[in-house]
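I have placed the structure first, in the form of structure tokens, so that the comments after it can refer back to it.
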Amino acid sequence: MTPIRTNWSRDEIAALFEQPFTELLFQAATVHRAYHPPEQVQLCTLLSIKTGGCPEDCGYCSQSVKADSGVEATKLMDVQRVLQSAAQAKDAGSQRFCMGAAWRNPKDRDMPAIVEIVKGVRDMGLETCMTLGMLTPKQADMLKDAGLDYYNHNVDTGPEYYERVISTRNYQDRLDTLQNVRDAGINVCSGGIVGMGETREDRVGFVHTLATLERHPESVPVNALVPVKGTVLGDMLADTPLAKIDDIEFVRTVAVARITMPLSMVRLSAGRESMSEATQALCFMAGANSIFTGDKLLTAANAGDDKDAALFDKLGLTALQGEEPLRRAKDEAGKAAIPAE
């Protein structure tokens, strides 16, 4: 079995990207099969519980106050409405319910409602994940006490390209929040977005950042940029060859993430609705084992449940069931991890 390493060098990761595609795919599939049931994919649902009005200037985001995207700011959703949505997601087959709020960071006054939401969703038997922006250690502890399973805070891209995408929050801010989450005992969900005009070397840096954390994220979402008119990147990349990342390069990124982070759930996230069935199949072969279901991801379109069901039937895939045994196995394997240098 491939050992779990956190001491990957950038040169090693670059060499993985440079491999012949079929060899890379074979290597990723081999690693995937060693740690995960290859025919099972986790189904997740994402709900925006507070949309728009974010003071950050993330160039990809339609919810930024800097974007002229037409997204209207809303208040935090009522607790019961969130729980109703969670119940609907469970009925549709989701095992994981993710909730996002367009904040730079949650205010202390928002935390009681957030805690109530987490407890309510957990009581339904769903795995819970939240993305609320930067967290203080105290807020992370509150979420842990409420029973939150995962906290998402993406690094977005490699450290060298980051400042071309965001100026209101630095790279270390993101890493600090991930550490606060880890210190609180919450599972880490962290990934990024490809196709923002970055180079392959930037994608190497993105994977390297995550693969050399003291402990790999338990969940790694890989997004393909959905260029939204009125956002900095949406307008900058419109009608250019960079407006959509090459499908093979996207699959390469998924494969390299799988090889370097064998235990992580690698999630196909935004951008999947524009991918062909063949591209999605290659991603699953390369080690992606989690998707978002439903018609919408925050403010972006997503492949609907019916399309996903048809694709799963065509590929012989099934929804992941009983993740707890997998988590125990991952904990055991994680004890043998090679430490970061």
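Placement of Cβ uses the backbone N, Cα and C atoms for every residue, glycine included.
Keep in mind that what you see is a predicted model, and the values were worked out from it rather than measured.
For reference, Swiss-Prot has these:
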- Cys54, Cys58, Cys61: [4Fe-4S] cluster binding site (BINDING)
- Cys98, Cys129, Cys189, Arg267: [2Fe-2S] cluster binding site (BINDING)
- 39-263: domain 'Radical SAM core' (DOMAIN)
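Classification of Cys61 ([4Fe-4S] cluster binding site) by DSSP places it in coil, neither helical nor stranded. Each residue contributes its Cα atom, and for Cys61 ([4Fe-4S] cluster binding site) and Cys98 ([2Fe-2S] cluster binding site) these two points are 18 Å apart. In the three-state DSSP scheme, Arg267 ([2Fe-2S] cluster binding site) falls into the strand class. Counting other Cβ atoms within 10 Å of each Cβ, the binding-site residues Cys54, Cys98, Cys189 show the lowest value at Cys54.
Cβ-based neighbour count (10 Å, all protein chains) for Cys61 ([4Fe-4S] cluster binding site) stands at 25.
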